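Working notes for the structure below.
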Amino acid sequence: MYINYLKDLIGFKSVTPKSDGAIEYIDDLLKQHGFKTEIKIFGDSKSEQVTNLYAVFGSNEPNICFVGHVDVVLAGNHELWHNASPFKASQQDDKIYGRGAVDMKGAIACFLAASLDFIKNNTDFKGSISFLLTSDEEGKAKHGTKEMLQYIYDQGYKINFAIVGEPTCEKEIGDAIKIGRRGSVNFKLNIEGLSGHVAYPHKANNPLPCLIIILNELTNIKLDEGIEFFQRSNLEVTNIEVSNNTSNVIPASTEASFNIRFNNLHSAETLAKQVEEIIKQHCKEYKVDYKLEYSSSAESFIQNPSDKIKEFAKVVEHTLKIKPEFSTSGGTSDARFVKNYCPLVEFGLLSETAHKINEYTKISDLQKLYDVYYNFLMEIL
């Protein structure tokens, strides 16, 4: 059934933060199989409204919860997709194409099939199975999983273990389980000089040489050597703006944006202080003014592998005959919210085609993911 579920889910044009009916489809399906469900819409304005779902079967512990998102990123040029339709699933041999196939409608489809089959085949299991789904993970992630977790806990629900279905695997299904994530902090630096004619540089103060020196130092600084489960923290320049289309004018100002992905040796605040010290030193030397802004969408986190995390890893190894590696690589995810409530793993499909034109998953990979999810439910419940 996971193939049918995936094809149906791809058919919803659920570009973040819209559900476009995807969550309602899952809600109806789970209701038909005895789940208690509730849809909540959060958001400050109509344009920001986010659809969220919590559905649970059973009332006993442990409550094993699948956490995921139905929203997807923009599909780009539709003409470049198979059948010129990213929101109509296209099956070719062992592959299913469509926006969200791996990120992360494929994982949702697999857990839907695994949980419904498990309930059908095991009428007296000891715990509960639940879903927490949102339409706001790819965007601001403000009114999605974070708010929904607080809401369900206020209602008296408790999650004992969560599986976040992000596409975590690198080369084959089962090679990686994420137990943490790097933090992310974005910077915007504006440097103010003095404009003038290029023939009279002594009457101006070009902000660009100062910016070049600053960015060179920042990109070459060694923030750390990396630690267990974490690679080295890394800074990448993402944009440089001058807004000067005239070749004989020295610009008055320039702006640069950069991002740091960091491990748990740092926080956004400590990195901001380190970055500003470098900026302050060079701006003083070049006698220019600066303004630095920064914002962090996520701090880094790591979990000590708990018994349930180790149990999940054993199920992966037993099912797929591959020993998974505990990892923290990749971008941010809603796991950063879930970890405040319960232990978790992130485990899903291959990440290779996520967000790309002609995003696809192999049907054989869907089967492997289904098997892991089903076998874990058998083991833990």
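Every residue number used here counts from 1 along the chain in the order it is shown.
Each residue, glycine too, has its Cβ placed from N, Cα and C.
Under DSSP, Asp71 (active site) is assigned to coil, being neither helix nor strand in the three-state scheme. Here Swiss-Prot flags Asp71 as active site.
Taken from Swiss-Prot, the feature active site, proton acceptor covers Glu137. For Glu137 (active site, proton acceptor), the Cβ neighbour count at a 10 Å cut-off comes to 27, with all displayed protein chains included.
Per Swiss-Prot, Zn(2+) 1 binding site is recorded for His69, Asp103, Glu166. For the recorded site, Asp103 (Zn(2+) 1 binding site), the DSSP three-state label reads helix.
Shown in sequence order, Val73, Asp103 are the residues of the chain, 6+ apart in sequence, with a C-beta less than 8 angstroms from the C-beta of His355 (Zn(2+) 2 binding site). The Zn(2+) 2 binding site feature in Swiss-Prot is assigned to Asp103, Glu138, His355.
Distance from the CA of Glu137 (active site, proton acceptor) to the CA of Glu166 (Zn(2+) 1 binding site) is 11 Å. Of the chain residues outside the Zn(2+) 1 site list His69, Asp103, Glu166, Gly68, Met104, Ala107, Glu137, Glu138, Gly165, Pro167, Ser333, Gly348, Ala354 have their Cβ within 8 Å of the site's Cβ mean position. Asp103 (Zn(2+) 1 binding site) counts 27 other C-beta atoms within 10 Å of its own C-beta, drawing on all protein chains shown. Using a 10 Å radius centred on the Cβ of Glu166 (Zn(2+) 1 binding site) and all shown protein chains, the other Cβ atoms total 27. It is 7 Å from the Cα atom of Glu137 (active site, proton acceptor) to that of Asp71 (active site). Sequence-distant neighbours of His69 (Zn(2+) 1 binding site) (same chain, six or more apart, CB under 8 Å from its CB) are Met104, Leu133, Thr134, Ser135, Asp136, Glu137, Glu138, Gly144, Thr145, Asp334, listed in sequence order. Report note: the Zn(2+) 2 site is defined by Asp103, Glu138, His355, and the residues of the same chain whose CB lies within 8 Å of the CB centroid of those residues, excluding them, are Val72, Val73, Gly100, Met104, Ala354.
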